[in-house]
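K.L.:
My structure is below; once you've seen it, I'll send some questions.
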Amino acid sequence: MAALMESVVGRALKFSSTANFRSIRRGETPTLCIKSFSTIMSPPSKAIVYEEHGSPDSVTRLVNLPPVEVKENDVCVKMIAAPINPSDINRIEGVYPVRPPVPAVGGYEGVGEVYAVGSNVNGFSPGDWVIPSPPSSGTWQTYVVKEESVWHKIDKECPMEYAATITVNPLTALRMLEDFVNLNSGDSVVQNGATSIVGQCVIQLARLRGISTINLIRDRAGSDEAREQLKALGADEVFSESQLNVKNVKSLLGNLPEPALGFNCVGGNAASLVLKYLREGGTMVTYGGMSKKPITVSTTSFIFKDLALRGFWLQSWLSMGKVKECREMIDYLLGLARDGKLKYETELVPFEEFPVALDKALGKLGRQPKQVITF
């Protein structure tokens, strides 16, 4: 009997998180009160994965993933929406400096709803809206399981397209406005790539600070419409590259002050135009290179204008242990979006139509709004 009891207790302890013995009196049979638990599993998930690096339209595919255990410190999130960013494409191509090992699930930011939580999780409940903050790879799937520390709870009243896209691009715009030059109300900035999400955010965030923006766009079909859209966001001046074929581009500024700060995400001639606008001692910050052309700077720009060239990479900034600061800024940006003070173009695309969204994100169909997958 003793051996049998030891065997029962041993098995119970093996499969139970806690075991409580009742106090017994002489002649009573000891009983064991067991608090049982069952393993929490996520539902099966559908995901966009790539098993090798290459062109995204060739190496990505939709797969079914099995359920994943939700451990004691984990949160299982049912994804609501996730964007396709240029950095996502670069990761798949294998040219981004930081990328997950393959095979990998695509995506780096997004918004989801808490589906289940581990036994030690106290900060989240099913139904909460959350985003990975700082961003975390693997958001192009229907269910994501990651540790509690990865997730940041947000206001559910913010439109999902902004919640899904608030980190990578709007946060880049905010940091660049604050980290390089001490700007005051009445100052101005100049940027190329003004129709990008970062560009649109720069216009609106600068305007909230009383800072004017000079915006450069490419000559292409729809440029007049793009100019009007940027003006509606608060852009002070919008020029196409062909309008800048003048001897002194600063003559186009009118009453605007010469900018002390410029942003470049294109490279090539578009970067040179930004440099021409900068005042003596000005700074150009490069955060992208969409044209894949190098930046050429004249010797006179350095000697006679003392210009400074800097770079910004959000991933590097986030790696400096700034989780708290990151989340505070995200809440600020989400508040602006919720109140209609921060807007940008997005297109919601059902998960089943991912190939179409990818083609648009790759530029195969001309200029398109930010593609946001909905699950």
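Residue numbering: from 1, along the chain as shown.
Using the three backbone atoms N, Cα and C, a Cβ is placed for every residue, glycine included.
Copying in the features that Swiss-Prot gives for the protein in this structure:
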- Y96: active site, proton donor (ACT_SITE)
- N169, 195-198, 218-220, 287-290, 312-314, K370: NADP(+) binding site (BINDING)
- 1-37: transit peptide (TRANSIT)
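Tell me about the setting of these features in this model.
P.N.:
In the three-state DSSP reading, Y96 (active site, proton donor) counts as coil. For Y96 (active site, proton donor), applying a Cβ distance below 8 Å and a minimum sequence separation of six or more within one chain yields S87, N90.
Secondary structure at G289 (NADP(+) binding site), taken from DSSP and collapsed to helix, strand or coil, is coil.
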K.L.:
Looking only at DSSP and grouping its letters into three states, which state does V198 (NADP(+) binding site) belong to?
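P.N.:
Helix, per DSSP.
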K.L.:
Near S196 (NADP(+) binding site), how many other Cβ atoms are within 10 Å of its Cβ?
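P.N.:
Taking all protein chains shown, S196 (NADP(+) binding site) has 25 Cβ neighbours within 10 Å.
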K.L.:
Output, ordered by sequence, the same-chain residues six or more apart from V198 (NADP(+) binding site) with a CB under 8 Å from its CB, or 'none'.
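P.N.:
Within the chain, V198 (NADP(+) binding site) has Cβ neighbours under 8 Å at N169, P170, T172, A173, F263, C265, Y287, G288.
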K.L.:
Enter the number of other CB atoms within 10 angstroms of the CB of F312 (NADP(+) binding site).
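P.N.:
Excluding its own Cβ, the number within 10 Å is 17.
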